[in-house]
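Record features (TrEMBL):
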- 78-100: domain 'Glycoside hydrolase family 19 catalytic' (DOMAIN)
- 193-203: domain 'Glycoside hydrolase family 19 catalytic' (DOMAIN)
Amino acid sequence: MHIYTPPPPTPNFSFIHSSFLIEKKIKLKMLGHSKLILLATTTLLLLATSETVTAQSVSDIVTPAFFDGIIGQADSSCAGKNFYSRDAFLTAAGSYPGFGTTGTSDDSKREIAAFFAHVTHETGHFCYIEEIDGASKDYCDETKTQYPCVSGKNYYGRGPIQISWNFNYGPAGVSIGFDGLGSPETVANDVIISFKTAFWYWMNNVHSIITSGQGFGATIRAINGAIECNGGNSAAVQARVGYYQDYCNQLGVAPGDNLTC
């Protein structure tokens, strides 16, 4: 007996095709998410690497060899030879965490090179603690009544940056914690306070200039522009620039543009 067997149902290819397309879209979408995740991960890794690069400490940059290379050029008879030290510099720098740590590693090196260029010029490679013939000069600005000069006290240049004038000694003393107006000589007797006055002046007047990329020339203007810039003392300007370029070279960083004032 012949039994009738109905033909198998025709496959619904449209359904299969539709399902395939849906599956493909889902896979592509997942692939797209994977790419986004991979991109985000890569970006985070790059940022982490960047942060690692900028985390170089001041002591890593100002090595004993770098510091000694500067003070070693001072004559053995110099008062500063037995006063200034790398340890004192680093101790004082610890109170100013923004110094030499702002921006990229290159930014940090340029700031440190600029700082030491000015210190080298001001002190003669750390030879001088006090300004030559400073006591014979009047650094009392009586119009700055907030910081009145004390009778018998002189506010001539002292320390690494040769801080001067009553209107600098006064606020520096308040900020650091010594009697800047009544005992300005402390800057020449206490090496930690001496370095701190340099950092105090730098962070308030110079730091933002060099870290914002204005160039070394603008730092000269901030320190002694009234006397040296615009042709006032071109030799002094060139001397500062020379030190800066030398220290940038030692630290392995380009000095940048706008070097003079």
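Each Cβ is built from the backbone N, Cα and C atoms, and glycine gets one as well.
This prediction places the mean pLDDT of the domain 'Glycoside hydrolase family 19 catalytic' (78-100) at 98.
Under DSSP, the residues of the domain 'Glycoside hydrolase family 19 catalytic' (78-100) split into helix, strand and coil as follows: 12 helix, 0 strand, 11 coil.
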